[in-house]
Amino acid sequence: MSTYQKLGVIVSDIETITPTIKRFTLIPDENTQLPSFTSGSHLFVQMQDDDNHYSNAYSLLNSPFDEQRYQIAVKRGEHSRGGSAFMHKKVAIGNKLIVSEPNNLFALVPEAKKHILIAGGIGITPFMSHLHELQKQNAEYELHYCYRNANDNAFTQELMASGFKDKIVCHISSEGTRLELDTFISQLPEGSHVYTCGSNSLNDGVKQAAQKAGFPSHQLHFEQFTLEDKTGDTFTVFLAKSGVELEVDSESTILQVIEKNKVVSVESLCREGVCGTCETMILEGEADHRDQYFSDEEKQSQTSMLICCSRAKGRRLVLDL
Ligand code: FES
């Protein structure tokens, strides 16, 4: 396991792409050197708005050969009061942000004979960096960009004016050109790998079509953060070093309760059990691990836990805080 490094960056540009989507360009601050990244990588952006802490994961959409900056696109959820609303309303050019170093859970597979990229709406972002890599490799590839209507086609104009345009097909459901997944997947050449990023329904559609067609499941790749449910029974947590006992209600995480009560400062980054930053030693009790960070053996050892997402198995935990 490895902990993500935190990086200080400055917002050097903000472009309004559609009424709900903005592109942010991030450059290193005076103490940071940006690590290089591979296409398909994401990073976490840490945000604090008064007492509320957020952390959202965003795919890097610029070229991986551009070592001077990171670019992300943020879609504001219709009813968002969290991270995406913060990015849209409160972040301005010149602001400093803390982000994680990039990590890649959606890498291209070198042995693929053909790369089939299927994007739904804002799910286009990781593919925008993949296009640069595929072009450089002179690889066989095609991108299918699916969206409902003009409001969803954030990057169509830009892509259609790029050197990749001959490899891109747009499927617009309001115009009746929806991608017919069953037919499409059943006709893919042998050795193709299919990469999908979009809504759950698009992901499910690809999975079902692949199953029907007998398309090998190990040649299917999805970019989705499978975030675990963080809710559960109420329990108490005793912070041994601080000498404070707190109740963690069914809707809150241990980290949120500690922050709300301002007992002790705990470092966090992803707040989703992915990065390991909030790892805390367990002194008594057992954790109900909800993270994607520890191995099964590490979870069984009950030595430490990630307090941004994991809960107690019993009624009480004692932590080394
Ligand atoms: S903050 Fe990333 S695992 Fe808890």
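One-based numbering along the chain as shown.
Glycine is no exception: its Cβ is also placed from the backbone N, Cα and C atoms.
For reference, TrEMBL has these:
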- Cys270, Cys275, Cys278, Cys308: [2Fe-2S] cluster binding site (BINDING)
- 4-109: domain 'FAD-binding FR-type' (DOMAIN)
- 233-321: domain '2Fe-2S ferredoxin-type' (DOMAIN)
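Structure coloured by features recorded in TrEMBL.
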residue : record                        : DSSP (3 states)
Cys270  : [2Fe-2S] cluster binding site : coil
Cys275  : [2Fe-2S] cluster binding site : coil
Cys308  : [2Fe-2S] cluster binding site : coil
Number of other Cβ atoms within 10 Å of the Cβ of Cys275 ([2Fe-2S] cluster binding site) across all protein chains: 28
